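A quick write-up on the structure given underneath.
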Amino acid sequence: MGFIFSKSMNENMKNQQEFMVMHARLQLERQLIMQNEMRERQMAMQIAWSREFLKYFGTFFGIATISLAAGAIKRKKPAFLIPIVPLSFIFTYQYDLGYGTLLQRMKSEAEDILETEKTKLELPKGLITFESLEKARREQSKFFSDK
């Protein structure tokens, strides 16, 4: 009778362990999905920030360009136009980020790097797996239980 009881307990324990592993995998998948959602939202916020910044910077750039051009014409000193050059680079970059194709170009460049320069992207100890995470978790729990 004890053998039947222990066999049943072993099966229940095995089923519970399988359930826990499955649950841990689901939790990890959910965490990865959540991290991707957070990344997408951060990118959307960056684009929105760039568009909002462009409105204010565009106004400043327009007023500065008109003022500097008027000063250069009035004082007959073309050196007044020099600050327009770096301001135009900033304006162009922000416009390209907010409304242009900068993100698509960055994405295609990143995809190209992923395809052709794979060795530069390798992690120091290789890819993180569920098993390696479990091993580290077990070692950490042993460390805390020893103290």
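Including glycine, each Cβ sits where the backbone N, Cα and C put it.
As annotated by Swiss-Prot, topological domain 'Extracellular' applies to 1-52 (among others).
If you look up Swiss-Prot, you'll see 74-78 marked as topological domain 'Cytoplasmic'. Long-range contacts of the topological domain 'Cytoplasmic' (74-78) within the same chain, counting only residues at least 6 positions beyond its ends with a Cβ under 8 Å from a Cβ of the stretch, are absent.
Annotation source Swiss-Prot lists topological domain 'Extracellular' at 100-147 (among others).
The transmembrane segment feature in Swiss-Prot is assigned to 53-73 (among others); the stated evidence is sequence analysis. Taking Cβ pairs closer than 8 Å, the transmembrane segment (53-73) reaches residues 79-81, 83-84, 87-88, 90-91, 94-95, 98-99 in its own chain, all 6 or more past its ends.
What Swiss-Prot records for 79-99 (among others) is transmembrane segment, and it gives sequence analysis as the kind of evidence.
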